[in-house]
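Before any comments, here is the structure.
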Amino acid sequence: MGLEDERKMLTGSGDPKEEEEEELVDPLTTVREHCEQLEKCVKARERLELCDNRVSSRSQTEEDCTEELFDFLHARDHCVAHKLFKNLK
């Protein structure tokens with residue numbers, strides 16, 4: 001077994017036509033991006049960004065943005081849960 005054979009095993013057949021396959025798109029990513037544009041998610045993201053800016057501007061603080069992060073993720077994932085399974089086969 002030579003070096004060329006090993007390359008073919010690692011990368012496929014070595015045929016450039018096979019390597020130009022259509023790139024698959026994860027439906028979860030697409031639905032998340034759509035849901036992040038909805039009003040409830042936009043407001044939650046704004047609260048998260050305000051908190052992040054507030055915490056980042058201070059050198060000494062006990063505050064973190066865990067609650068705001070979870071609120072944003074909950075709002076986004078709630079939207080995703082209702083839309084994602086319609087896109088799956």
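Using N, Cα and C of the backbone, Cβ positions are placed for all residues, glycine too.
So that you can see what the record holds, here are the features copied from Swiss-Prot:
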- Cys35-Cys79: disulfide bond (DISULFID)
- Cys51-Cys65: disulfide bond (DISULFID)
- Lys40: N6-acetyllysine (MOD_RES)
- Lys83: N6-acetyllysine (MOD_RES)
- 1-27: region 'Disordered' (REGION)
- 1-13: transit peptide (TRANSIT)
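Recorded residues Cys51 (disulfide bond) and Cys79 (disulfide bond) have their alpha carbons 23 Å apart, per Cα-Cα distance.
Rounded to a whole number, the C-alpha distance linking Cys35 (disulfide bond) with Cys65 (disulfide bond) is 21 angstrom.
Take the Cα of Cys65 (disulfide bond) and measure to each of the recorded positions Lys40, Cys79, Lys83: the nearest one is Lys40.
A distance of 15 Å separates the Cα atom of Lys40 (N6-acetyllysine) from that of Lys83 (N6-acetyllysine).
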